[in-house]
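As structure tokens, the structure follows; a few thoughts come after it.
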Amino acid sequence: MNIHIIGGGNLGSAIAIGLAQFTTGNNITVTRRNVQLIENLKQYDIATSADNTAGISRADIVILAIKPWQVDAVLEEILPLVKGKVIASGASGVTVDHLNQKIAGSNVVVRIMPNIAVQYGASATCISAAADDIKNTQTIVELFDKVGTAVIIDEKLMDAATVLGACGTAFALRYIRASMQAGIEIGFDAKTALAIAAQTALGATQMLLQEGAHPEQLIDKVTTPQGCTIAGLNEMEHEGFSSSLIKGIKTSLHKIKG
Ligand SMILES: NC(=O)c1ccc[n+]([C@@H]2O[C@H](COP(=O)([O-])OP(=O)(O)OC[C@H]3O[C@@H](n4cnc5c(N)ncnc54)[C@H](OP(=O)(O)O)[C@@H]3O)[C@@H](O)[C@H]2O)c1
């Protein structure tokens, strides 16, 4: 397929590199106005351009990875050249309804919410579309399934998906950073502390996903009665560990809904 990504920033570049690394047979183009900032994408065989319309008429899928307030202007620029194509928008908060009004029925519109781990084939991508277009989202689902996991969700959960899946990357990284800082305090140099904290988080995630278990089942395997793990865990809970995460996620959702 020819995949045309408009907006080579954090998300657009990550999607492009992920697709280049984890799929085969696709031609990928990325555009942004300051095109010199994405020259590095060429090493992955990704074409770059400052012109959003360059080669767009050959595209099978157009992905919008631009800020919400840039969507209308970009659509006006490209619409005459993309009739009938699938347009997948990653712009937070821009609804399928809004996109459909802009394109006036001439395209299949899909909303996507990946995260930047898409670059490493590890995104948790949520996808939604209008009921009439759901059957046409399969190509997008299959594509994002190759760079992590891809699920179709009800559009009313898109803001929640943004918080849990996209903002969630930052939340998980902050957990690792805190573990690293504690690791330094208990005796490791910073590099070793980070390596241990990051690999331990990865290992816990792999166990969880491969065993399909509830986290608490795996926690039970690590907690000896009267041992050091349960003592540390309970102290964290007394200090509001789970509660602060839940409150943070709800605050992010409140913020996104304006
Ligand atoms: N970052 C994430 O983790 C993440 C995850 C999920 C969803 N999102 C959503 O994805 C969208 C992009 O986020 P981001 O973090 O990637 O932002 P970003 O890093 O600022 O990237 C946006 C890119 O769009 C380009 N751009 C702006 N106007 C353009 C135009 N008219 N034509 C072509 N390119 C244009 C900008 O480059 P120039 O100024 O050089 O044109 C910039 O590189 C946002 O709506 C965000 O909410 C982000």
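Just so you know, glycine gets a Cβ as well, placed from its N, Cα and C.
Please treat TrEMBL annotations as automatic predictions, because they have not gone through curation.
These features come from TrEMBL:
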{"type": "DOMAIN", "residues": "3-89", "note": "domain 'Pyrroline-5-carboxylate reductase catalytic N-terminal'"}
{"type": "BINDING", "residues": "Ile6, Gly7, Gly8, Gly9, Asn10, Leu11, Ala65, Ile66, Lys67, Pro68", "note": "NADP(+) binding site"}
{"type": "BINDING", "residues": "Asn52", "note": "NADPH binding site"}
{"type": "DOMAIN", "residues": "155-256", "note": "domain 'Pyrroline-5-carboxylate reductase dimerisation'"}
Checklist outcome for this item: Across all protein chains shown, the one of the binding-site residues Asn10, Asn52 with the most other Cβ atoms within 10 Å of its Cβ is Asn52
Item to check | Sequence-distant neighbours of Ala65 (NADP(+) binding site) in its chain (C-beta under 8 A, six or more apart) | outcome: Ile5, Ile6, Gly7, Gly8, Gly9, Leu11, Gly12, Ile15, Gly90, Ala91
Checklist entry - Looking only at Ile6, Gly7, Gly8, Gly9, Asn10, Leu11, Ala65, Ile66, Lys67, Pro68, the residues listed as binding NADP(+), what is the longest Cα to Cα distance in Å? => result 14
Item to check | Secondary structure content, the domain 'Pyrroline-5-carboxylate reductase dimerisation' (155-256) (per DSSP, counts of residues) | outcome: 88 helix, 0 strand, 14 coil
Next on the checklist: Please report the Cα separation of the residue listed as 'NADPH binding site' and Lys67 (NADP(+) binding site) in Å, rounded to an integer.
Outcome noted: 15
Next on the checklist: Is it possible to list how many residues within the domain 'Pyrroline-5-carboxylate reductase catalytic N-terminal' (3-89) are helical, extended or coil according to DSSP?
Outcome noted: 40 helix, 20 strand, 27 coil
Checklist entry - Within 10 Å of the Cβ of Gly8 (NADP(+) binding site), how many other Cβ atoms are there? => result 28
